[in-house]
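Listed in Swiss-Prot for this protein:
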type	residues	note
BINDING	Gly9, Ala10, Gly11, Leu12, Ala13, Gly14	FAD binding site
Amino acid sequence: MTQVVNVVGAGLAGSEAAYQLAQRGVKVNLIEMRPVKQTPAHHTDKFAELVCSNSLRGNALTNAVGVLKEEMRQLDSLIISAADKARVPAGGALAVDRHDFAGYVTETLKNHPNITVLNEEINSIPEGYTIIATGPLTTDKLANEIVEATGKDQLYFYDAAAPIIEKDSIDMNKVYLKSRYDKGEAAYLNCPMTEDEFNTFYDALMEAEVAPVNEFEKEKYFEGCMPFEVMAERGRKTLLFGPMKPVGLEDPKTGERPYAVVQLRQDDAAGTLYNIVGFQTHLKWGAQKDVIRLIPGLENVEIVRYGVMHRNTFINSPDVLTETYELKGREELYFAGQMTGVEGYVESAASGLVAGINVAHKMLNKGEVIFPRETMIGSMAYYISHAKNEKNFQPMNANFGLLTTLEKKVKDKKLRYEKLADRALTYLDNYKQTL
C-alpha cells in the first residue's frame, strides 16, 4: 500500500491521528506550519503544544474526562501516554510538564518510520485521504477552503455558548413546561422569578467576576451575540426585554405572568441535558455557578459545560460530519479536534484517535469503527454528529450526560458515575475485541 494520508495540523488531535495511522502501517504526511508561520497563541515549534493550562483535568473514574482518558489508554493513545510520562503533582488532576509532554509527542512522531513531517503552510485541502486538525486558529485561506468543502454557513469563528446542565439536577417542582404564547409543542422548561428573586439575581450578576480575554481573541469577541452580563450592564430591566422576557410564559399553575423567566432548552437527543437560553457568558466558572444557582429550580443544578465566549473555528458538525468524523458526501476527507465541536485537550485528542483509526480501516479495507454510545469516546462522536440543537450547535466537552442512561436509575450521583464508568470500560473492552 503506497497511498499516503495527509494530516494537517500537529496539535493534540492531529498528533493523535497521525500516530494511530502510523501504528497501523499507514504512511502519513504530518503537515504543520509552525515554525514557518506561527500563531498568536503558540510559542514553540513542538507538536501538541498546550497553549493554555497544563492540566488535562480530572483523572478519577468518577469524572467524565477521567473515564475518557482511561478509554484512550486502553486504545494506545499517544497523547495520554505522553501525559502519563510527563505528569506533575496536581492532586486528582492529570497535569503535565508542558515542555516534556510536547517534547515526547514530537520525538515519537518525528522518529516514527511511517511519518514524514512537512513544515509548511497549506492554503488548500490536499487531494486524497486527509484529516484536517488545524484547531481554533485556522488560517483564513484554509478556512475559506473548508467553507467550500462543508457549505456556506457551516463554519463558525467564535464560541458563544450558554451553560449546559443535567436535567436530573433541576427541581421540577419549581419549573414548568411551556413554549412562548403556547406556540407549537411545549418545548422549554421555564424557571419563573418574582421581582425580589430577579433583583437578587441581578445584583449578584453585577458583582460576578468576568474572565480575562486573550489578546488574540479580542478581534472576534463581540461579533454576533453579546454576553448576558454585558447586556445586563445596560440597565436593571434590559434582561427583562431579552433572554428573561416573561411575556407569553404565564405559569400554568397560577395563570399569572412571572416578573422574569429563565428558559431551558433541550440540548441532546436523549433529553438528559438542557442549555440556559440566551445565557452565553464570559463570567468565570465559579461565578457562573453562583449566579445560576440563584435561579428558582436550579439551586442544586449540576453544570456539565460552562458558558464560554472565545475565538474558535469549528464546523456545524451535526449537519456535515458522521460518527467517524468523516465529511458527508466526501469520503476521503475527515476532521478532528476542536474544529469538530469537541471542547478540551483530551476530547480533541480523542476525536483524532477515532478519525485516525477510521481512515486506517478504510485504507486497509476494514469496516467503520463506531464506538458504542455507552463509552465516553463513542458518546462524544455521537453528539457531534447528532446534536439535537443543530441550528445553534456549540462545542461540548466530555460529561456523563452524554452517555446513554443506566437501565436502573441510581439516585446517588457518585454511585451513578461509578456505574456509568464501569459500564463504559466494559463496553469498550468488548468492542475492542472486534477491531
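Every residue gets a Cβ built from N, Cα and C, even glycine.
Sitting within 8 Å of the Cβ centre of Gly9, Ala10, Gly11, Leu12, Ala13, Gly14, and not among those site residues for FAD, are the Cβ atoms of Val7, Ser15, Glu16, Ala17, Phe47, Ala48, Ala133, Thr134, Gly135, Ala336, Gly337, Ser348, Gly352. All protein chains shown were included, and the count of other CB atoms within 10 Å of the CB of Gly11 (FAD binding site) stands at 30. Neighbour counts of Cβ atoms within 10 Å were taken for the binding-site residues Ala10, Ala13; the minimum is at Ala10.
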